[in-house]
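Noted in TrEMBL for the protein shown:
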REGION    A:1-25  region 'Disordered'
TRANSMEM  A:46-63  transmembrane segment
TRANSMEM  A:83-111  transmembrane segment
TRANSMEM  A:132-164  transmembrane segment
TRANSMEM  A:184-208  transmembrane segment
TRANSMEM  A:215-236  transmembrane segment
TRANSMEM  A:260-284  transmembrane segment
Amino acid sequence: MNASTLTAPDAPQTAPEALRPARRPGTATVLRWEITKLAAQARSRYTLLGCVLGPIAIVLIFNGQQTTPSDTIYGRQIHTSGYAMPLFLLAFASQWIFPVLASLVAGDIFANEDQHGTWKTILTRSVSRSQIFWAKTVTAIMFTIAEIVVLAATTIVASMLLIGTQPLSGLSGQPLASAHALQLVIASWATALPPLIGFTTLAILLSVVTRNPSAGVAAPVVLGLVMGLLGTIGGFDLTRRFLLTTPLDSWHGLLTEPPFYGPLTFGLGVSAAWTVVCLGFAFFSLRRRDITGG
Amino acid sequence: MSEVLAVDAADLTKIYGNVTALGGISVQVAEGEVYGILGPNGAGKTTFLRMLFGLIRPDSGTLQVFGRSWESHGIGVLEGVAGFIESPKFYPGLTGRKNLELLAGLDGGTTPTRIDEVLDTVDLTERQRRKVGGYSFGMRQRLGVAASLLRDPRLLVLDEPANGLDPAGIRDMRALVKRLAASGLTVLLSSHDMGEVEHICDDVTIMRTGSVVYHGSIAALREQAPAQAHRIATTDDDAAEKLARARDLDVTRTEEGLAVRGTQDRIDSLVADIVGAGIAMRGLSLDETPLEALFFMLTEPATHTAALDGATPATSGAHQ
Ligand SMILES: Nc1ncnc2c1ncn2[C@@H]1O[C@H](COP(=O)(O)OP(=O)(O)OP(=O)(O)O)[C@@H](O)[C@H]1O
Ligand SMILES: [Mg+2]
């Protein structure tokens, strides 16, 4: 402290008991609080901006190339239909971009309180640990959903505007008329949401447990890559079904003739199970923990 | 003063591995009181205050704040309670004012005028628009007081608020605590410095390695304190020591000379003896205050065994 004098008030600081309003904020207030904090972070604003600009740039680049990336699903068709590009990018993003997006905020949202030593600051106000937990969790999930919606919308609109609205060939070779193709593309992107909510809660768990923002963000991405790798190795068929990366491919069933929904519904169950387990462990870990740092 | 105690802790224990941070301490603070928790590093002061705020759970024992417990009232325990543990922490990327606004949000909101008021109280009005990351240690400490005052507390809990401040900062922080205490607030103040609490607090609990070694009023403690010690340096400390012993004074050798305990009259006579014996005085100064001396005796008895001779161990008022 410098030499300036503290000027303590002469009047008592305490309000009479009867005058003091009972003001215990509800979880909705804590949620608004958490969102305000997130909005104040440059990282979140730049990420959303990236979700708008990134797909436009990628569509422009791939559209300008002579060759097509034929080793990825729908890669061959990206020049012939504006609906192939969003599907190709969906498959491409599933490899590591999605896990990164899911953990960017979620992996940090709990651990940054450890990093700044602010758990003790916020937990000595008028809200419980549970309220803080749910506010942070809902904020992280909403952010993931926002990222995916923005990413999907820009990708689809940019592809339709830059490449066109030509009919698409289904995965069984069946022709899909423009309007139907658009519906299927939107539905395909929507199937990424449940596993990505799963990834978000995995990042939340790692953020709570490691108490380290870098670990919270990086570990889910590494785990995603490992799961992706396990999925491609033979002999892990049973394991493969329960990996969080597997539901990211379940949209393929929407584009065959006849469509098959089995992997989609099973993937929904797998995503839900990961979500519940991760959130359960994260919740009890935070509830039980001694806040000794800071 | 109301019937309900502001703080009523009984037999609190907390063990970390093989460290007993709290070995069954009991502390009672009446409403309106200014109460000190005193102890050297590692005594368990912070552990106790963290428990009060619900940041850590006791292994055993009970704790009530204004008659409410964590088990039955949850976060409701902290209604009317504010303060900070160790050095207060904020979001470094946000301004001081924004931090206060956010924290007020966790209390159900406040008015901009109230934020102006508390910023003014801690003299941060001019720096309120700067990011906390650029604040000095002392500014953060003051922002911590501001954040606490925003809650309009009945009980203010401060964990070594002057720790880490420069001398001017310590003086200002002490003055602030004093004036807050005088305003009728119940204050629970932890410190490792007897000098910090002896003029502010009515009652103290003195702790050492997780246990209470004294519990009672400062006035009662003062009665049990040993006589004031003086540091004496001479050209012949051996001879001076002999003269002190001949007068039956409590004397110990220190690096700089002698530490002699006795009433002012007896010290005066000793000085006359020394000078009369042809020994030159090189220094005569007051050592720790009697209360400080007692505090050291209580909290580190091993190194003060000599000083303890003749002094009453002041554990008569202790809880256990
Ligand atoms: N999280 C922890 N893990 C292990 N040991 C701990 C932990 N927290 C506190 N301790 C130990 O408990 C004892 C009491 O610590 P505490 O911080 O309560 O002391 P203190 O009186 O506040 O000391 P100081 O004056 O240094 O702040 C110390 O021995 C400390 O090492
Ligand atoms: Mg401490």
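A Cβ is built for glycine as well, from the same backbone N, Cα and C atoms used for every other residue.
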Which one, A:83-111, A:184-208, A:260-284, has the most C-beta pairs under 8 Å toward the transmembrane segment (A:132-164)?
A:83-111
Give the nonlocal contacts of the transmembrane segment (A:46-63) in its own chain as ranges (CB under 8 Å, at least six residues past its ends).
69, 78-79, 85, 88-89, 101, 104-105, 146-147, 150-151, 154-155, 158-159, 162-163
Six or more residues out from either end of the transmembrane segment (A:260-284), which same-chain residues have a Cβ under 8 Å from its Cβ atoms?
110, 130, 133, 137, 191, 194-195, 197-198, 201-202, 204-205, 207-209, 241-244, 246-247, 249-254
